[in-house]
């Protein structure tokens with residue numbers, strides 16, 4: 001069984017490598033030279049209006065790539081959007097739809113929704129003060145979505161460190177450092193009370209007591225009461241993309257159980273310490289991991305399609 005699993009992983013890595021080799025940062029230079037500027041403008045406007053939108057677009061990209069690859073399947077109405085990790089919490093669809101409409105007006109059926117979402121994730125990080133990176137382009141859009149895979153493959157807010165590592169390794173090419181670096185995306189954004197209630201009411205011992213008490217003020221213990229109340233994932237610089245997430249973990253101020261397990265007398269502690277003390281190391285590792293994640297099983301060539309509307313397949 002172990003040998004079979006290892007062989008399957010090698011096959012997945014080979015397929016990912018082959019597909020990602022067909023991507024290029026210059027893919028739209030001739031066919032739609034205004035594409036990247038249009039995406040950037042749309043993201044900047046959205047994040048300026050609502051800083052939380054930066055985290056929402058970044059999360060949308062993550063939830064897309066972890067389910068059958070970076071193919072914009074998460075943007076299709078229903079299906080993956082109804083999966084337990086996504087229902088009632090994914091945001092940013094309107095921003096992507098608006099950008100797609102603008103691009104269709106200048107380059108009809110040329111730029112994929114998958115590429116728009118991937119670039120928008122990068123531009124969201126930059127808009128909130130984070131690092132930039134070169135995005136390989138040329139992804140095509142899926143013609144289906146997979147709710148079951150979304151339920152099984154997306155890491156949960158109560159995941160253990162081992163479960164997180166398994167989820168990332170399963171995607172081919174992502175390692176433990178990538179996992180810790182990508183978790184640093186929680187330096188921006190918010191989470192609902194229902195995702196951290198158990199942690200602040202005695203479910204976890206590795207939480208700062210004063211921090212837990214402050215969270216209880218807006219997150220009642222009773223299930224069904226205040227479930228949607230929001231708290232910042234980063235308690236210090238919520239709307240700035242920096243390395244404060246890691247210093248928070250070292251103070252036992254990780255909002256989610258799946259955050260704090262990264263610094264809990266375990267194998268990832270040293271990586272957290274490194275990112276907390278060295279912002280450049282975090283930025284470098286994060287951008288590397290984002291490129292690797294963006295290269296998970298892209299559809300290229302004649303695979304899939306270029307959707308006219310991101311929320312539905314072409315008729």
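Here the Cβ of each residue, glycine as well, is placed from N, Cα and C on the backbone.
The model shown is predicted, which means the values in this text are computed figures rather than measured ones.
In the three-state DSSP assignment, the secondary structure recorded for residue 63 (active site, proton acceptor) is helix. Summarising the environment of residue 63 (active site, proton acceptor), the number of other Cβ atoms within 10 Å of its Cβ, over all protein chains shown, is 21. Residues or ranges marked as active site, proton acceptor by Swiss-Prot on the basis of sequence analysis: 63.
The Ca(2+) 1 binding site annotation in Swiss-Prot covers 64, 67, 69, 71, 73 and is backed by sequence analysis. Around residue 67 (Ca(2+) 1 binding site), the same-chain residues six or more apart in sequence whose CB sits under 8 Å from its CB are 73, 74, 80, 145, 146, 149, 150, 153, 154, listed in sequence order.
Positions annotated as substrate binding site by Swiss-Prot: 155. Packing around residue 155 (substrate binding site) is summarised by its Cβ count: 20 other Cβ atoms lie within 10 angstroms of its Cβ, all protein chains included.
What Swiss-Prot records for 186 is heme b binding site, and it gives sequence analysis as the kind of evidence. Sequence-distant contacts of residue 186 (heme b binding site), defined by Cβ-Cβ distance under 8 angstroms and a gap of at least six in the same chain, are 233, 234, 245, 255, 256, 259.
Residue 242 (Ca(2+) 2 binding site) is surrounded by 19 other CB atoms, counting those within 10 A of its CB over all protein chains shown. The Ca(2+) 2 binding site annotation in Swiss-Prot covers 187, 234, 237, 242 and is backed by sequence analysis.
The C-beta environment of residue 107 (disulfide bond), restricted to residues of the same chain at least 6 apart in sequence and closer than 8 Å, consists of 28, 31, 32, 34, 35. When secondary structure is read from DSSP and collapsed to three states, residue 107 (disulfide bond) falls in the coil class. Annotated disulfide bond per Swiss-Prot: 32-107 (among others), in sequence order, evidence recorded as sequence analysis.
The disulfide bond feature in Swiss-Prot is assigned to 65-70 (among others); the stated evidence is sequence analysis. Non-local contacts of residue 70 (disulfide bond) by the CB criterion (under 8 A, 6+ apart in sequence, same chain) comprise 61, 64, 114, 117, 118, 139, 293, 294, 295, 296, 297, 298. Reduced to three states, the DSSP call for residue 70 (disulfide bond) is coil.
The annotation disulfide bond is assigned in Swiss-Prot to 113-310 (among others). Around residue 310 (disulfide bond), the same-chain residues six or more apart in sequence whose CB sits under 8 Å from its CB are 72, 75, 76, 93, 96, 97, 100, 113, 116, 141, listed in sequence order. Residue 310 (disulfide bond) falls outside any helix or strand according to DSSP and counts as coil.
Applying an 8 A CB threshold to same-chain residues 6+ apart, the list for residue 219 (disulfide bond) reads 193, 196, 197, 200, 226, 229, 231. The disulfide bond annotation in Swiss-Prot covers 193-219 (among others).
Cβ-based neighbour count (10 Å, all protein chains) for residue 158 (N-linked glycosylation site) stands at 16. Swiss-Prot lists 158 (among others) with the feature N-linked glycosylation site, giving sequence analysis as the kind of evidence.
Here Swiss-Prot flags 265 (among others) as N-linked glycosylation site, drawing on sequence analysis. Long-range Cβ neighbours of residue 265 (N-linked glycosylation site) (same chain, at least 6 residues apart, Cβ-Cβ under 8 Å): none.
What Swiss-Prot lists as pyrrolidone carboxylic acid is 22. Counting only same-chain residues six or more apart in sequence, the Cβ atoms lying under 8 angstroms from the Cβ of residue 22 (pyrrolidone carboxylic acid) belong to 138, 298, 300, 301.
Swiss-Prot lists 59 with the feature site 'Transition state stabilizer'.
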Cβ within 8 Å of the mean position of the Cβ atoms of 64, 67, 69, 71, 73: remaining residues of the chain near Ca(2+) 1: 65, 66, 68, 70, 72, 74, 80, 114, 142, 145, 146, 297
CB-centroid shell, 8 A cutoff, Ca(2+) 2 site 187, 234, 237, 242, site residues removed: 188, 236, 238, 240, 241, 243, 244, 245
Spatial separation of residue 237 (Ca(2+) 2 binding site) from residue 158 (N-linked glycosylation site) - C-alpha basis, Å: 24
Cα separation, residue 155 (substrate binding site) to residue 242 (Ca(2+) 2 binding site) (Å, whole number): 23
Cβ-Cβ neighbours of residue 73 (Ca(2+) 1 binding site) (radius 10 Å): 28
Protein Cβ atoms within 10 Å of residue 113 (disulfide bond), excluding its own: 30
Among 187, 237, which are binding-site residues, the residue with the most C-beta atoms within 10 angstroms of its C-beta: 187
